[in-house]
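A.B. asks: Straight out of Swiss-Prot:
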BINDING   Gly166, Ala167, Ser168, Ile232  NADP(+) binding site
Amino acid sequence: MAAKIIDGKTIAQQVRSEVAEKVKARVAAGKRAPGLAVVLVGSNPASQIYVGSKRKACEEVGFVSRSYDLPETTSEAELLELIDTLNADKTIDGILVQLPLPAGIDNVKVLERIAPDKDVDGFHPYNVGRLCQRAPRLRPCTPRGIVTLLERYNIDTYGLNAVVIGASNIVGRPMSMELLLAGCTTTVTHRFTKNLRHHVENADLLIVAVGKPGFIPGEWIKEGAIVVDVGINRLESGKVVGDVVYEDAAERASYITPVPGGVGPMTVATLIQNTLQACEEYHDVEEA
């Protein structure tokens, strides 16, 4: 069986076009365009690339994009003060602080300082808690993006055995909550999991997010499984690969996401969706 490719690039472009249409309609109706503030501390090259793509996506859909590039020497107090200012700014619907932050700045304190209704990354404990309670508001971008991919390909998730490999706060944990909402019987594996192969072989839906190239061999994949590879790993040769051995897995799976061009584009597209949602559902009321 040759797997159908889940084309994240195309779906992400659809999502962005849908948002752009809604923004155009808002502006035509005399409402303001949504605003996103992107905060970068220091000059981590990978972070600069991510931030650049987020800002570009914002401008393409007609958002107001505000950039705050702070030096490596920025103190935690200065960063928190900026967040307070942005929380109070009625033209800003979303605040994104690019991680990782430099040493000496407490990630948790910073993320918790962002107002939950401006937390477009979906990392605030309030938003994670709402997801756990089956009443989500702003949802973490990568997991929500994966759910969107499955929905757009009309993949029925109810009753599937879903296995999430990796238990990070950014992907694995919120992904498990999204899968429960989507009707899956969900298992989360992590570095202490025994007999990982057994779990993978029983997965109807496999989500892999560990950041290790070729971590899951293709022969472990159950015949007909749906494989979502969140990993983005650059080899010494410069080639970008996922956490799953793609060629072998694609022979056994029914659907598979490629790397690059699978999950990655959806993360930014979902950030854009979240910002529009924050604007329309939580901030328009204040202007009425």
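Glycine residues also receive a Cβ, built from the backbone N, Cα and C atoms like all the rest.
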A.B. asks: Please report the number of other Cβ atoms within 10 Å of the Cβ of Ser168 (NADP(+) binding site).
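C.D. replies: If we count other Cβ atoms within 10 Å of Ser168 (NADP(+) binding site), we arrive at 16.
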A.B. asks: Considering each pair of residues in Gly166, Ala167, Ser168, Ile232, all listed as binding NADP(+), report the largest CA to CA distance in Å, no decimals.
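C.D. replies: So the binding residues stretch over 16 Å, Cα to Cα.
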A.B. asks: Residues with Cβ closer than 8 Å to the Cβ of Gly166 (NADP(+) binding site), same chain and 6+ apart in sequence?
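C.D. replies: Correct list: Gly172, Thr189, His190, Val208, Ala209, Val210, Gly211, Val230.
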